[in-house]
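Below is one structure, written out as structure tokens, with a few remarks after it.
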Ligand code: MRU
């Protein structure tokens with residue numbers, strides 16, 4: 001694994017524990033929190049210490065490995081019950097990003113294949129799998145980065161929404177990984193980051209990542225994107241995703257749909273960087289994707305600074321769905337899928353090696 005791929009170590013294994021950068025306090029404070037149980041990791045995911053679809057998936061895999069290690073001295077029955085409870089807690093932490101469930105299914109399959117092995121050996125094997133998932137995520141992001149970079153002309157000014165960077169993955173990033181790969185390939189690109197209300201992943205996390213790497217970045221509030229597009233100041237949109245339905249509809253951070261509509265209006269390509277683990281063929285279209293509704297406090301203000309009138313009613317859906325017809329292309333680790341559809345997505349999985 002190259003050093004640059006892990007410049008930002010969102011998740012790291014230290015002294016038998018999982019360390020996660022506390023993304024709630026970035027960029028003011030850079031600190032790691034340490035976890036040693038599935039319940040702890042589930043709470044870290046729920047409370048947004050770690051966020052971003054691929055990062056959540058890898059964190060969950062470590063969560064189960066930690067639980068196995070913690071319970072290895074228990075009876076066979078307690079161990080099995082404990083891991084089942086761990087999986088339940090992790091699965092209940094956040095509903096929208098399918099990578100969480102994809103990762104839990106994967107580690108469950110590994111565990112199921114180990115019948116007859118002692119608890120300690122199961123714990124070792126689950127930890128190996130989590131390490132492999134972390135390394136694999138970075139390889140996948142690198143592959144998507146190379147495909148995606150080919151879509152960006154030299155000098156492109158690219159809008160992104162939320163944070164689909166190293167912080168949202170095991171490293172490199174999906175949408176921001178494309179920017180990193182384009183820069184690595186010698187292209188001059190500049191990033192326009194939507195601030196991404198209400199949790200401010202764009203202002204706090206994307207801007208921070210790009211500043212760290214000296215990739216030119218301009219921060220705008222979410223309601224400025226249309227103006228910038230109308231003035232010819234945006235050449236492409238590149239976002240990540242939390243779940244893509246079988247027909248190509250894309251769930252991503254709330255506000256993404258608005259950007260996609262604007263991009264269509266202005267004939268600007270709208271790209272989605274999407275590892276295969278984010279495609280969910282079990283949901284036919286975007287209307288079946290569960291959308292997380294978060295606490296009203298996030299909309300009423302930010303942290304202790306609450307600016308809205310007490311007593312006002314609030315909606316706080318954390319994600320929205322962009323219909324496939326607004327998506328120019330999905331960028332996967334296996335190549336670029338233009339005009340995603342049920343046909344093209346099922347063909348992608350039929351061709352799985
Ligand atoms: O609520 P978050 O911060 O977990 O939402 C994250 C996003 O919407 C990202 O765009 C998505 O997970 C893709 S991350 C590579």
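If you go along the chain as it appears here, the first residue is 1 and each next one adds 1.
Heads up, the Cβ atoms here are built off N, Cα and C, so glycines get one too.
Quantities reported herein were computed from a predicted structural model and do not represent experimental measurements.
Record features (TrEMBL):
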ACT_SITE  242  active site, proton donor
BINDING   51, 52, 53, 94, 201, 252, 253  substrate binding site
SITE      162  site 'Transition state stabilizer'
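Overlay of TrEMBL annotations on the structure.
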{"residue": "51", "record": "substrate binding site", "CB count, 10 Å": "27"}
{"residue": "52", "record": "substrate binding site", "CB count, 10 Å": "30"}
{"residue": "53", "record": "substrate binding site", "CB count, 10 Å": "28"}
{"residue": "94", "record": "substrate binding site", "CB count, 10 Å": "21"}
{"residue": "162", "record": "site 'Transition state stabilizer'", "CB count, 10 Å": "30"}
{"residue": "201", "record": "substrate binding site", "CB count, 10 Å": "27"}
{"residue": "242", "record": "active site, proton donor", "CB count, 10 Å": "32"}
{"residue": "252", "record": "substrate binding site", "CB count, 10 Å": "29"}
{"residue": "253", "record": "substrate binding site", "CB count, 10 Å": "28"}
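Between the C-alpha atoms of residue 252 (substrate binding site) and residue 242 (active site, proton donor), the distance comes to 5 Å. Checking the recorded positions 52, 94, 242, 252, 253 against ligand 1, the ones with a C-beta less than 6 Å from an atom of that molecule are 52, 242, 252, 253.
Same-chain residues with CB within 8 A of the center of the 51, 52, 53, 94, 201, 252, 253 CB atoms, the substrate site residues themselves not counted, are 56, 96, 97, 162, 163, 164, 168, 240, 242, 318, 319.
Close to the residue listed as 'active site, proton donor', meaning Cα to Cα within 10 A, are none of the recorded positions out of 94, 162, 201.
Note: the Cα of residue 51 (substrate binding site) and the Cα of residue 162 (site 'Transition state stabilizer') are spaced 11 Å from each other. Whole-number maximum of the Cα to Cα distances across the substrate-binding residues 51, 52, 53, 94, 201, 252, 253: 17 angstrom.
When the CA atoms are compared, the binding-site residues lying within 10 A of residue 162 (site 'Transition state stabilizer') are 201, 253, out of the candidates 53, 94, 201, 253. DSSP gives residue 94 (substrate binding site) a coil state; it is part of no helix or strand.
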